[in-house]
Amino acid sequence: MRFVDEVVIKLQAGKGGNGCVSFRREKYVPRGGPDGGDGGNGGSIYLKADENVNTLIDYRYKREYYAENGRPGEGRNCYGKAGEDLYLVVPVGTSVFNIDTNKKIGEVLQHGQTFKLVSGGKRGIGNTHFKSSTNQAPRKFTLGEEGEYKEVRLELNLLADVALLGLPNAGKSTLIRSVSEATPKVADYPFTTMYPHLGVVKVGVDSFVMADIPGVIEGAAEGAGLGLRFLKHLTRARCVLHVVDICPFNESDPVENYFAVEKELEKYSQELFDKPRFLVINKIDLLADKVEQKCQEFVEQIGYQGNYYTISAAMKKGTDELAKKLNEFLQKQQ
């Protein structure tokens, strides 16, 4: 299934039903009073989060949504039926933005959570309500109100505890496959990962969610490559793993590669740059010898002061220990 994380849709809530003008007319009640009922309220439109939905693809092809109108009132004080509400099912982590103001107006962050997008029109009232001591046969009623109209943008930001960041072919997809049951495509060419992937990492009785996004390249903050579009999925992560290929197949410099990604991250968002971040040195199985020494030299060259981990995602070496350390960090953050 294609991954879609941003769509624009048009919403029209239902119109309220009109009130009714009617008078009681029975064989032995020739001068019965007013008995016109109220109309029904128009239907509203809601977002509803569903943990089993992973993309906004359904809203890519259908862009306009209408809730049901309320029915008009009837005689004998019968109220019109209210218009049925419409629920748009979206992934957990979906935000809503008003197209006119570009301001965020709501979000759904938990399974089953709802958010009202547009309100249905209020019902009209029947002539029964206008009876008075001076007007026993009112012909006055009110029309139902129009439903609210709005054009909105839906944005999906994946809800992950840990997000993987790095250049294409750094081994992020292999890492998430090695520690979870996620199955992103893996191959030796750039941008194997075209869309984000989520994997649940289990550590004993605990578990956390890891996200793999397409690799970041130089110029991503200005729109180069695929990274810019998907960097937003890191914003809700509790920590970021910067995955570095210590032995690039294209013989590029790991030090330069590290700083290229860090630079793009800072340019994109200072808030994202300030998130807790850990260094993961991957593909140590490709180093001929002196693995620890070469990794230490790399860390010193980039001036890294935090925790770092050396792994071979392909050989599943060091990945269990990495998962345990991440789980410990996340448990402390709760």
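Sequential numbering from 1, following the chain as shown.
Each Cβ is built from the backbone N, Cα and C atoms, and glycine gets one as well.
As recorded in Swiss-Prot, the features of this protein are as follows:
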BINDING   166-173, 191-195, 212-215, 282-285, 312-314  GTP binding site
BINDING   S173, T193  Mg(2+) binding site
DOMAIN    1-159  domain 'Obg'
DOMAIN    160-331  domain 'OBG-type G'
Pairwise Cα distance for S173 (Mg(2+) binding site)/P214 (GTP binding site) [Å, integer]: 9
C-beta crowding around S312 (GTP binding site), within 10 angstroms: 22
Neighbour count (Cβ, 10 Å) for G166 (GTP binding site): 25
CB contacts for K283 (GTP binding site) [other CB atoms within 10 A, all chains]: 24
N169, S173 as binding-site residues, winner by CB count within 10 A: S173
Per DSSP, three-state class assigned to S173 (Mg(2+) binding site): helix
Candidate with sparsest Cβ neighbourhood (10 Å radius) among K172, P214, the listed binding-site residues: P214
